[in-house]
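Listed features, source TrEMBL:
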DOMAIN    5-383  domain 'Major facilitator superfamily (MFS) profile'
TRANSMEM  44-64  transmembrane segment
TRANSMEM  71-90  transmembrane segment
TRANSMEM  96-119  transmembrane segment
TRANSMEM  131-155  transmembrane segment
TRANSMEM  161-179  transmembrane segment
TRANSMEM  207-225  transmembrane segment
TRANSMEM  237-262  transmembrane segment
TRANSMEM  274-291  transmembrane segment
TRANSMEM  297-322  transmembrane segment
TRANSMEM  334-355  transmembrane segment
TRANSMEM  361-381  transmembrane segment
Amino acid sequence: MKNAKIKLGILSMSLLTMSALVITSAFGAIMETFPEEPVSKIQMIGTVPSLGALLITLVVGVLAMKVPKKALALLGIAGVGLGGLLPIVFHSSVNVLLVCALLMGLGLGFINTVSPMLLSMYFEGEERASLMGAGTAINSLGSMVMMLVGGMLGAKVWSNTYYVFLITILIFFVVMLCLPLDKVAPVQQTGKPKQSASEAIREMNKYVYLVAFLAFVISFLYTIFPSNLSILVASKNFGGTAITGLVNALGTVGGLIAGFTISKINRVLKDKSLAIGFVLMACSFLLVWYAPNVAVMVVGAALSGVAMAMIFSTIPFYVSIISKPFQIAVAMSIFQFLNSLGGIVSPILLAQFGIESGANAILFGGVCCLVVGGVLFVTNFGKKALANRYDASQETVAVAPETEVAN
């Protein structure tokens, strides 16, 4: 029962992981409301949360070594709630929406960094991998429900899309009631002082950085998808905000299915999960780019959900098993930092490269994903990463974390 409550508390936060993308379904309507604003600036409403997460993730890694992770999780949920609900009242300018998006991103930085830390702290081995897969599935479920409901709420008045963030209130209380209060042991079993964040970084296995860099790559490329989908839908005359929300929502069904079956998928694909994930993402982009109708676009979106479930359950799992126990908090912060950085620089670099929004951006993303997948296959990256997993038997000093259940 205790483990079930812990799982519920941790996984409930996964509902909010991609919540910043909810408003992307209303980009078309926002552009009509603010015709004087550049398209790239409006698109940043969906990517600025990555900047907020970027600013906070490295701080979270240090805080998590000193402050209960439960407290950090609750703080993050509160940030997402405020950033998501304030625009219901304050939406007179794009600048206001960007500030709220930044606040939301700060909250997401806490949530997305602390969640895998908690899973790594309470669960081991295949159960940990399975729960990380379940987290991506619930992430997809949350994205599906929030985008679908948000699309319907904002069909007539785009600012009503933000009402969907009322769910943060429920999640706040679920986490508060289900998660035990944790604390990190002040010393190691040998009595030596606990390692600092700088020591953790200095001793980090290089494959932690390589795996985390892939989070930057997929975040950079995947951000192209939701940021340009509404523009592509409009250019193909498929519809407006409601249709974009529907495509996004139905598309996440793929991620939902893949996430809950990730342990079985990994048994089949073994060390090729990352490479195949990138190839599937390439197929997703190219299908959506080609799509002659909404049905084909939904299939493409579903493939993106499958790919994201495979990639974003594998990356944090690899980071957690390659890192030493005392390094996990910092390693997860590095992972989330690069993940957030990829999202925030995506529209900026695309503009610098002269890649036009809409179909051209989608095509660019597909080609890049195909190249990355090919490189991972050729270099046998997954096998090499697993070969570098941490082996406690090789260490003479072990870290002994403690937890206490809050009364």
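Here the Cβ of each residue, glycine as well, is placed from N, Cα and C on the backbone.
The structure displayed is predicted, hence computed values, not measured ones.
If one looks beyond the transmembrane segment (207-225) by at least 6 residues along the same chain, the residues whose Cβ comes under 8 Å of a Cβ in the stretch are 46-47, 50, 274, 278, 281, 284-285, 288, 304, 308, 311-312, 315, 318-319, 322-323, 327, 331, 334-343, 345-347, 349-350, 361-362, 364-365, 368-369, 372, 381, 384-385, 388. Looking at 44-64, 71-90, 96-119, 131-155, 274-291, the range that has the most CB pairs within less than 8 A of the transmembrane segment (161-179) turns out to be 71-90. Beyond its flanks by at least six residues, the transmembrane segment (131-155) meets 7, 10-12, 14-19, 21-23, 25-26, 29, 115-116, 119, 123, 161-164, 167, 241-242, 244-246, 248-263, 265-266, 305, 308-309, 312-313, 316-317 of its own chain at Cβ-Cβ distances under 8 Å.
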